[in-house]
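Lifted from Swiss-Prot, the feature list:
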- 33-53: transmembrane segment (TRANSMEM)
- 77-98: transmembrane segment (TRANSMEM)
- His83, His182: heme b b562 binding site (BINDING)
- His97, His196: heme b b566 binding site (BINDING)
- 113-133: transmembrane segment (TRANSMEM)
- 178-198: transmembrane segment (TRANSMEM)
- His201: ubiquinone binding site (BINDING)
- 226-246: transmembrane segment (TRANSMEM)
- 288-308: transmembrane segment (TRANSMEM)
- 320-340: transmembrane segment (TRANSMEM)
- 347-367: transmembrane segment (TRANSMEM)
Amino acid sequence: MTVIRKTHPLIKMINHSFXDLPAPSNISSWWNFGSLLGLCLIIQILTGLFLAMHYTSDTTTAFSSVAHICRDVNYGWLIRYMHANGASMFFICLFLHVGRGIYYGSYNMTETWNMGVILLFAVMATAFMGYVLPWGQMSFWGATVITNLLSAIPYIGTTLVEWIWGGFSVDKATLTRFFAFHFILPFIITALVLVHLLFLHETGSNNPTGLNSDTDKIPFHPYYTIKDFLGILILLMVFMILTLFFPDILGDPDNYTPANPLNTPPHIKPEWYFLFAYAILRSIPNKLGGVLALILSILILALMPILHTSKQRALTFRPITQTMYWILVADLLILTWIGGQPVEYPFIIIGQTASIAYFTIIMILMPIAGMIENNILDLE
């Protein structure tokens with residue numbers, strides 16, 4: 001009798017994706033982040049669903065409804081903090097996942113990579129709108145500042161901003177539509193994830209050597225299911241330590257003050273995972289230029305396959321580009337730090353230097369390093 005997992009139409013699909021999937025025999029723990037991101041998405045959807053049962057998207061009651069969740073709902077405080085810190089864990093995994101992709105040249109699987117870039121934009125949009133919902137000071141002013149950037153678009157800018165706001169300022173209409181979008185987007189993200197996986201399984205996974213591994217495959221289950229499970233345990237442990245012991249460490253104290261359109265906080269800044277992009281935005285004195293740099297700071301990832309000059313796929317055997325890569329990582333950490341600092345000397349000049357370095361390393365230095373390595377190794 002044939003095994004049901006190989007005959008049943010639905011189970012067969014799942015089996016080919018998770019159980020009998022041929023996987024490279026040498027993929028390291030850097031390949032765990034895909035499954036961890038899946039777990040983060042599930043956690044966010046579930047906690048978000050339970051929060052939505054008690055949340056009201058009205059400017060007069062939004063803040064107090066979040067307070068009510070934390071005070072009066074059974075384990076409401078836990079659900080709320082799991083959702084808030086779950087977003088941070090999501091972005092940590094995302095950045096590591098993207099970093100892995102850049103290091104090992106996974107961007108050469110163009111369809112999978114571009115789908116990933118679209119996913120990154122979708123997750124960032126979702127997180128931004130979610131941050132507005134508690135209707136604290138930083139929620140309100142963050143929404144005002146970021147949506148207002150669209151007014152830099154020539155000719156249609158002002159109309160576009162007022163259309164998104166649903167009025168002449170961030171108000172009830174804005175909050176209601178942000179809640180609607182924040183609710184629907186994770187389900188769209190889930191659909192995009194399936195497409196991401198579909199494209200991935202067309203080519204098969206990359207591996208740390210960057211070489212073709214078709215001759216050396218092992219079944220995904222049990223080898224990588226058990227390996228993913230270890231990653232999941234570590235993630236959940238870090239996540240619960242963060243949620244139960246330091247729930248507010250990544251948040252902004254200003255968001256515990258109800259939104260007040262008449263009182264601007266001294267330093268408006270987004271959540272930590274947007275700070276690098278915010279620093280790039282602020283480093284350009286021109287409004288439209290800043291907006292373009294902000295978008296390009298993420299969109300530049302889509303150019304990675306075009307900027308690849310090396311005859312080798314991964315950075316495993318490329319010390320010069322490796323050096324550039326780790327300088328880029330350090331540069332992103334500097335940008336993240338600068339994004340949270342006030343706009344004054346010396347932070348302005350540090351931010352501008354780090355922003356120039358960011359684009360220079362990706363667009364100029366890494367491609368040149370690839371060519372130099374080709375010459376050194378006579379790979380022309």
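Using N, Cα and C of the backbone, Cβ positions are placed for all residues, glycine too.
Structure with Swiss-Prot features highlighted.
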| residue | record | DSSP (3 states) |
| --- | --- | --- |
| His83 | heme b b562 binding site | helix |
| His97 | heme b b566 binding site | helix |
| His182 | heme b b562 binding site | helix |
| His196 | heme b b566 binding site | helix |
| His201 | ubiquinone binding site | helix |
Top partner of the transmembrane segment (226-246) among 33-53, 77-98, 347-367 - counted as Cβ pairs under 8 Å:
77-98
His97 (heme b b566 binding site) and the residue listed as 'ubiquinone binding site', compared by Cα position, are separated in whole Å by 17
Please indicate, using numbers and ranges, the residues of the same chain that are 6 or more beyond the transmembrane segment (178-198) and have a C-beta under 8 Å from a C-beta there.
17, 38, 41, 44-45, 48, 52, 55, 57, 112, 115-116, 118-119, 122-123, 125-126, 129-130, 132-133, 143
State the residues, same chain only, that lie 6 or more residues beyond the ends of the transmembrane segment (288-308) and have a CB under 8 A from a CB inside it; answer 'none' if no residue qualifies.
98, 102, 105, 107-108, 110, 113-114, 116-117, 120-121, 124, 149-150, 152-154, 276-278, 280-282, 355, 358-359, 362-363, 366-367, 370
One should report the C-alpha separation between His83 (heme b b562 binding site) and His196 (heme b b566 binding site), rounded to whole angstrom, as 24
Cβ under 8 Å, sequence separation of at least 6 from the ends of the transmembrane segment (33-53): give me the contacting residues as numbers and ranges.
69, 79-80, 82-83, 86-87, 89-90, 93-94, 96-97, 100, 130, 182-183, 186-187, 189-190, 193, 228, 231-232, 235, 239
State the non-local partners of the transmembrane segment (320-340) in its own chain: residues 6+ outside its ends, Cβ under 8 Å from one of its Cβ atoms.
99, 102-103, 269-270, 272, 274-280, 282, 310, 347, 350-351, 354-355, 357-358, 361-362, 365-366, 369-370, 372-373
Using the structure shown, find which entry in His182, His201 (the binding-site residues) has the sparsest Cβ neighbourhood within 10 Å.
His201
Expressed in Å to no decimal places, the gap between the Cα atoms of the residue listed as 'ubiquinone binding site' and His182 (heme b b562 binding site) is 29
Between His196 (heme b b566 binding site) and His182 (heme b b562 binding site), the C-alpha gap once rounded to whole angstrom:
21
